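Take a look at the structure set out below.
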Amino acid sequence: ALSGQRGFLGCMRALKINGVFFNLEEKAKLTPGVKPGCQGHCSSYTMHCRNGGKCVEQYNGYSCDCSLSAYDGPFCTDDVGGYFEAGTLVRYDFLSDHGASLLGNPRGFSHFGNLGETNLTQEELIFSFSTYSAPSILVYISSRSQDYMAVVLRHNGSLQVRYSLGGLAEPYTIDIDHRNMANGQPHSVNITRNLREIQLQLDHYTMSTYTLPEASDTQFNLVKSIFLGKVFETGQIDPILIERYNSPGFVGCLSRVQLNNVAPLKAAIRSGMTAPVSIHGILVQSNCGASPLTIPPIPPANNLWQIDAGGAVFPFKDEKIGGDGVHHNFAVIGGIISLAILTVLCIMVFVIRHVFRHKGSYHTNEAKGAESANCADAAIIVNDPAFTETIDESKKEWFI
């Protein structure tokens, strides 16, 4: 605004001229009449970006970045899954120079290894599956050493988690025996490890906590690949795992598979994503029967960033945005319905009275005065003075 004139009144942010951003917030601190702290769309709508999606400011709105999520869609709520036939496998390889950057920080942890370090002391594995087939390997994470992690379905359909981090002669196993998971229903699994503590969340059941033995290492050394559905590894691998669970392979649906910030199944299905992923066999994209989550839109009257909301009236002081208008509409509609019902009842009462007004009675044409007359002929004479016919007393009737 020019000095001495009233200029722009409102909020201005993200000023960019010829590719150069201007720090308006610092200028606002030094300019009279201007206050810093202008918020963008993400300050109001960041909660709409679900499942680890990041809110990104746009010129006239916002978008959700789902690149670090196993989900897709405008709000990172669409399940990305695939149907595996017998023998199908998905392999995601970690590059040795960028392993840590690909894995990223697991959600809920504040620190992680340095760039180029592929040894994990904590990881989070999340996925969902549905199948009728058992036994099978669901997820297998290999390394360049003898360390590995596997989630398998045993012959009876129960779930088993196997950790081999070194220091133990046999892998540490967690058996979930309380139900058959190969029942065709979708099941979700969340496994989080921090050093020796393992937390396992299965479907809606209470989270269980397990602890690795003291002799076990706490580092997952030199993470190499993630296998889904089946294992085809040239390095050292547990022979029991191969003999019992690797053949014929997983048959069913896997979805929203994510290890820390890596989504191997999403990378395999989305052709536009460039990632070190390979597919063997037939993999068909499927949402595994999941219903998409819809985000209800914010009413324009409450949307301060909506361009079309210029004529919206916002409350001040003690006024509240409530349902008064809604209650008023309900009152008008209720009054109209009540009036219509009353009118119909009145019409029905009038019709009934009109139809049944003569029911139960009859009319006669008997002469008046018959009550005081001696006979019917006398009653006629009394009633009609013009009647001149005389009654002959001699005329009598005899009944024999």
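Here, residue 1 is simply the first one shown, and the rest follow in order.
From the backbone N, Cα and C atoms, a Cβ is placed for every residue, glycine too.
Checking the candidates C11, C66, C76, C253 against TrEMBL, the cysteine paired with C38 through a disulfide bond is C11. Remote same-chain partners of the domain 'Laminin G' (1-38), defined as residues 6 or more beyond its termini with a Cβ less than 8 Å from a stretch Cβ, comprise 57. Neighbour density for C38 (disulfide bond): within 10 A of its CB lie 15 other CB atoms from the protein chains shown. Model confidence over the domain 'Laminin G' (99-288) is summarised by a mean pLDDT of 84.
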